[in-house]
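*Asks:* Quick one: structure below, then a few questions.
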Amino acid sequence: MAGATSSCIFCQIATKPTSTTLLHSDDKVVAFQDINPSAFRHFLVIPVEHIPTVNDLQKRDEDYSLVNHMLNVGKTLLHQDAPQSKQYRFGFHQPPFNSVNHLHLHCLALPFIPKWKRAKYMSIGPLGFIEAEKLLEKIKPS
């Protein structure tokens, strides 16, 4: 697979059998539970292709389509698994606040557990957490 790195834990999850239970898998993305959940439900959707961070995405059809697909997969999973939740959040940590250098969409069915974890998912300008919809606006091809 182009761009995959053997040291990237998310590349390993996306391309090789691991102990991680996949909630969704297709030719573009895989989804699984976050190992350190910050909310009632906390899933990650990652591209199969190794893309380090949101900063590596450009205003082009393939990047826009990928992020849109990631968001649709995340929404579907949360609405199936946590339909009783009244609030959901979907977004990405931006460098230097991303924990793994492989693009990953956080899909959260609130409430945050514990409540202080909400601080990790706040938007603070060009840093911190960027909502998936805002990222889509930013990379939408002209």
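Quick reminder: no glycine exception, Cβ is built from N, Cα and C everywhere.
As listed in TrEMBL for this protein:
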- His106: active site, tele-AMP-histidine intermediate (ACT_SITE)
- 9-121: domain 'HIT' (DOMAIN)
- 102-106: motif 'Histidine triad motif' (MOTIF)
*Asks:* When you scan the chain for residues with a C-beta under 8 Å from the motif 'Histidine triad motif' (102-106), skipping those not six or more beyond its ends, what do you find?
*Replies:* 8-11, 34, 38, 42-47, 50-54, 56-57, 67, 70-71, 74, 89-93, 121, 129, 132
*Asks:* Using a 10 Å cut-off, grab the number of neighbouring Cβ atoms around the Cβ of His106 (active site, tele-AMP-histidine intermediate), all chains included.
*Replies:* 21
